[in-house]
Amino acid sequence: MFKNYIKIAWRNLRKNKIFSLINIISLSIGLSASIVIGMMVYYDFTFDQFHTDGDRTYRVTSVFNSADGPSFFAGVPQPLAQDVKENFTGVEGSAQIFLYRPSNVSISKDENPIKEPTFITLADQDYFEIFEYQWIAGFSNQQLLNPNEVVLTQSRANQYFPNINPSQIMGKTLIYNDSINATVTGIVADFEERTDLVFQEFISLATVDQTDINKYQTPNWINISSSSQLFVKLDEGTSIENFQSQLDKTAAAHDDQEDRKKGMSREFYAQPLADLHFDQRFRNFDNTSSTADKEVMLMLGGIALFLLLLGCVNFINLNTAQASQRSKEIGIRKTLGSSKKQLIAQFLGETFILTIIAALVSLGLSVWLIHIFSDFIADGISLSMLADPYLLGFMVVLIITVTFLAGFYPGVVLSKFKAAKVLKGESKTDSGKNGLRKFLTVFQFTIAYIFIIATLLVGKQIHFLLNQDLGFKTDAIVYIDTPAQVEGIESRELLAQKLQNLPQINNLSLGGGTPVQVNYKTLFKINGENGERETDIDVVFGDSNFLDLYEIPLVAGRMPLNDTINETVLNTAALKKLGFATPEEALNQTINPDTSPLIITGVMKDFQNGSLKYDVKPMALTGDIYRRHFSQFSTVHIAINNNSNDNLSTTLSNIEDRFNEVYPDDEMTINFMDETVARFYEKERSMSKLLNWVMGLSVLISCLGLLGLVIYNTERRVKEIGIRKVLGATITQLNVLLCKDFLWLIGISFLIATPIAYWGLNSWLQDFANRTELSWWIFAISGLGMVILALLIMSFKTINTAMKNPVNSLKTE
């Protein structure tokens with residue numbers, strides 16, 4: 001019987017080539033989107049799912065609450081680790097770590113050091129008791145107990161000691177920052193599974209006193225650094241609520257009473273290990289924002305579902321429309337004894353075969369989609385993931401689901417035919433089915449309209465963001481981050497001196513980050529006539545040329561007298577937060593008079609010191625005021641002379657030559673200011689690219705379905721068209737007759753889609769402090785564009801049919 005089903009299915013596919021092709025294309029698009037998005041979701045949701053007792057493992061983080069809202073930090077105060085170990089109940093184990101970024105590491109003093117190695121942490125034995133590693137060399141229960149010990153992962157060991165057996169690496173010495181010696185006491189295998197625990201070097205925690213971390217770590221409950229982190233594993237049976245309650249009591253007991261009077265407070269939050277990959281409030285361990293966003297995953301899942309439904313809609317519409325062509329076949333089968341269940345099973349079998357073909361096509365499309373969206377998709381995602389049993393099961397479930405979604409209803413429709421009426425030619429096979437086809441067509445084009453409107457609006461918003469006046473110059477400005485230097489500012493000043501002699505350079509400044517890269521955030525307090533005022537301030541370091549280079553004007557006062565004097569320039573947003581009515585009122589006032597006094601010497605005009613998604617933040621510009629401890633002037637900012645006869649590549653080459661003269665062992669990385677600003681909107685641009693493709697695919701599926709229905713409709717009315725032509729109807733009149741019903745459906749779709757799109761997109765725009773308008777022309781272009789496209793597609797078939805000789809049309813049965 002199954003063999004017979006396959007033969008009939010294949011015969012019907014060949015008989016209705018156009019409809020079969022439309023169905024295969026539509027389903028394969030939906031399936032490929034589902035496969036790729038399914039792999040993306042599976043990839044992100046399987047991070048750190050392999051750890052033993054991972055459901056009982058947490059990272060403790062800090063949350064500061066103030067009038068400006070909560071601030072989130074991955075770090076905790078140093079004393080908390082000891083307090084948890086000694087005083088908390090229900091804790092099986094805890095481990096404190098320090099994230100560490102040395103300027104270099106070398107194998108011996110005679111070899112060139114590796115610059116700025118990554119993924120290094122200071123830890124102790126407690127860490128390996130919470131997270132299980134496979135030990136290749138060394139013993140897991142005797143690690144990192146003493147200062148100057150280090151454990152390497154296998155990949156890092158191979159990097160430092162290529163082609164050397166792990167047992168021979170044991171006992172070798174690594175030198176950090178040219179001064180800290182650490183002996184290799186163990187080698188562990190890299191995690192094969194996906195993880196955010198990307199550490200590859202574990203230096204013993206007792207070594208922290210020898211590092212520069214010790215300069216910034218203070219053993220009190222007030223100061224927090226995100227490099228100081230804490231993991232805990234709870235006892236079996238201990239609820240997270242119990243542990244969180246203990247954290248809350250500890251935070252309250254050690255809160256600053258002065259801060260509490262001002263409405264500020266601090267909390268400690270136990271972040272589940274499974275949330276490390278998704279929690280956008282904190283950073284993960286490669287010092288970047290989390291790579292996954294659950295809201296994005298949800299959006300992608302919705303897109304895949306809609307594309308899949310659009311493909312199924314085409315299948316249902318075309319197969320119910322074709323029901324009349326198979327009515328006699330069904331009547332004969334019923335007469336010969338086929339039951340309703342057998343007929344439905346036959347049709348589901350045909351649908352299954354067509355879905356399998358579409359699935360095979362979708363595999364090729366999936367490879368193409370992964371390539372197209374390579375900047376949107378994680379590097380670890382490829383079609384080879386489908387060998388995973390879970391994803392393989394997902395594919396099987398997906399194919400079965402699509403088979404039932406697309407095939408069940410048409411199968412029921414066909415099985416309901418009355419054999420006697422069908423064989424007499426009395427069955428009204430289209431009766432009652434037009435309503436469903438109209439509904440599904442409206443649904444298709446409503447979805448397509450929403451995607452079109454969304455694509456236009458997102459593109460308009462991105463154009464708006466990229467063309468806004470930021471309040472400072474971005475074009476023809478580059479900046480270079482210099483290597484970390486123990487000796488301080490001397491080498492950077494030498495580089496600046498060499499660069500100033502280049503005729504292609506218009507201006508130059510030494511500083512910290514750019515105007516959109518905050519060096520650090522601190523609390524500014526001032527004692528005014530109305531009492532004490534304070535606010536969090538983003539601080540940028542820059543010399544006397546900084547504002548001039550970026551063309552940021554002063555509205556009052558002057559720049560600091562020199563690079564190290566305790567003077568500062570505030571922006572107008574900071575003045576308002578500190579309670580000053582005018583810029584002049586702020587001049588010569590003292591910030592933080594009781595701790596680290598700074599004199600306000602000037603007020604600069606507000607500029608966009610971050611993404612345009614947010615309002616301008618309070619900001620201060622200071623010189624290199626901490627130079628006696630550590631110079632903050634790590635970046636050279638350069639304004640290139642646009643009027644120079646040399647092209648840009650020559651200018652950059654000359655800059656690199658000067659850099660190599662000062663730093664012969666380092667590689668220069670040059671950054672363009674306009675590209676730095678554009679990177680703020682990478683997420684939006686990725687979304688725009690995604691929506692462009694989704695819009696195209698949804699319109700393609702909808703128009704293919706429309707074409708199929710038009711083909712069916714015109715072929716069914718060939719004789720009617722011939723009679724109307726004989727009676728004098730023009731081609732235009734016939735085209736209007738055949739298209740008007742579909743155009744009405746498209747118009748209804750537009751009316752439904754418009755308020756839905758307006759509501760959703762208006763809500764999306766509210767996330768931006770600076771936003772474009774939701775213009776009427778976006779809806780007008782969407783509505784008119786779809787009508788024109790649909791009319792062209794329909795007219796291609798209807799005009800072709802209308803131009804045929806009516807004599808031949810009237811011969812049709």
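Even glycines carry a Cβ here, placed using N, Cα and C.
TrEMBL has this to say about the protein:
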DOMAIN    20-249  domain 'MacB-like periplasmic core'
TRANSMEM  21-43  transmembrane segment
TRANSMEM  296-318  transmembrane segment
DOMAIN    303-416  domain 'ABC3 transporter permease C-terminal'
TRANSMEM  343-370  transmembrane segment
TRANSMEM  390-414  transmembrane segment
TRANSMEM  435-458  transmembrane segment
DOMAIN    439-612  domain 'MacB-like periplasmic core'
TRANSMEM  690-712  transmembrane segment
DOMAIN    694-800  domain 'ABC3 transporter permease C-terminal'
TRANSMEM  742-761  transmembrane segment
TRANSMEM  776-796  transmembrane segment
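Comparison of 20-249, 303-416, 439-612 by number of C-beta pairs under 8 angstroms to the domain 'ABC3 transporter permease C-terminal' (694-800) places 439-612 first. Panel annotation: around the transmembrane segment (435-458), residues 306, 309-310, 313-314, 316-317, 320-321, 684, 687-688, 691-692, 694-695, 698-699, 701-702, 705-706, 709, 742, 745-746, 748-750, 752-754, 756-757, 760-761, 765, 772, 774, 778-779, 781-783, 785-786 of the same chain, lying at least six beyond its termini, place a Cβ under 8 Å from a Cβ of the stretch. Sequence-distant contacts of the transmembrane segment (296-318), counting only residues of its own chain at least 6 positions beyond either end whose CB sits under 8 Å from a CB of the stretch, comprise 19, 22-23, 26-31, 33-34, 37-38, 40-41, 44-45, 351, 354, 358, 402, 405-407, 409-410, 436-437, 440-441, 443-444, 447-448, 690, 694, 697-698, 701-702, 704-705, 708-709, 712. Across all of the domain 'MacB-like periplasmic core' (20-249), the predicted model scores a mean pLDDT of 89.
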